[in-house]
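Pulled from TrEMBL, these are the features on record:
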- 272: active site, proton acceptor (ACT_SITE)
- 30-120: domain 'O-methyltransferase dimerisation' (DOMAIN)
- 143-347: domain 'O-methyltransferase C-terminal' (DOMAIN)
C-alpha cells in the first residue's frame with residue numbers, strides 16, 4: 001500500500017511539473033513580449049534588415065563584425081550586437097549559419113521570410129513603419145489604462161492624453177510622422193483591394209473623405225479615367241498633398257461639415273476612428289453632401305459577433321490587433337452594429353462586400 005501511494009504521488013508530481021512547464025510555455029512569450037518587440041525595433045532602427053538585404057546578392061550572409069562596419073558608429077559594441085542577433089535568430093526573425101574561418105567558428109546572419117517584411121528600401125509594403133509606430137514610447141502609454149476601459153468604460157488613449165490619437169499627432173510631431181509613415185505603407189494593399197471593387201463604373205465624382213494625401217483616390221481615378229476625384233482632409237494634411245491628375249484637394253473638418261459634393265463618398269479606415277455619436281454625425285455630413293441616388297462606400301473592418309476560440313476577429317487579423325485598435329480609441333463593429341449605425345446616419349440600406357487586402 002505504501003509503495004502504491006508513493007508511485008501515485010510520483011505520478012502526481014510529474015503531472016504537476018508538466019502542467020507548470022506548459023503554463024510557462026504559454027506565459028513566457030507574454031511576460032517578455034515587450035522585450036521581443038523592442039529587440040525587433042532595435043534591429044530596424046539600426047537598419048539591419050536592409051543591410052542584410054543589400055549584402056545578400058554578392059556577399060551572402062554577414063557576420064556580426066561585418067554588420068558592425070555598416071552601422072553609423074565607430075564605437076559599436078559587437079558583443080551587444082551579437083546578443084541582439086542571437087535573440088532574433090531564436091525568434092526566427094533572422095537565420096544563422098556557423099562557418100569555420102581561419103580556424104574560428106563564426107556565425108553568419110541572413111534574412112528569413114519574416115525579416116524580409118521589415119526591409120524598407122524599394123519595399124512599399126514593409127512592416128517596419130508599423131513596428132516603429134506601435135513601439136514608439138507614446139504608443140505604449142495608453143496600454144497602462146486598459147483596465148480603466150474595462151472598469152469604467154473610459155477611452156484608454158483619451159485617459160492617457162486627454163485627446164484622440166489623431167489630435168495627439170499635432171502635439172507630438174515624431175508620433176505624427178510615424179503615424180503618417182505607417183498610413184503611407186498601409187495604403188498600398190488598401191488601394192489594391194479597392195481596385196478589385198467593381199462599383200466605380202457608374203460614379204462620376206468620387207470624394208475620398210479623410211483621404212490623407214490623395215493616393216487612393218488618385219489610383220482609382222487612374223483606373224477609371226471617367227471619374228473626377230476629390231480628396232478631402234484636414235487643412236494641415238492637404239497643405240502637404242502632392243498634385244495628382246484628375247484629383248482636386250479640398251480641406252475642411254469632417255465633424256464640422258463642409259464635405260464636398262459628389263455622387264459617391266469613400267471613407268477608408270475612417271468611421272472606426274469615431275464612437276457611435278460622432279460616427280453618426282460623420283455619416284450625416286456625408287449624406288448631406290451626396291447627390292440624389294449617390295452612394296457611400298466604407299472600407300472598414302467588420303468583425304464577427306463572437307470570436308472563435310484561438311481564432312481571429314476577422315480574416316488575417318489577430319485579436320491583439322483588435323484590442324490595440326480599442327486602446328488607440330478606435331471602434332470595430334459587427335455587421336449588426338454597422339447596420340444600426342448606418343441607419344442612424346441616414347443609410348438604412350447597406351450591402352457588404354469582402355475586399356481583404358493582400359499584404
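Every residue gets a Cβ built from N, Cα and C, even glycine.
Note: TrEMBL annotation is automatic and uncurated.
As the structure is a computational prediction, the values presented were derived from the model and not from experiment.
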(request) With DSSP as the reference, give the number of residues of the domain 'O-methyltransferase dimerisation' (30-120) in helix, strand and coil. (result) 46 helix, 18 strand, 27 coil
(request) Express the predicted model's confidence over the domain 'O-methyltransferase dimerisation' (30-120) as a mean pLDDT, rounded to an integer. (result) 95
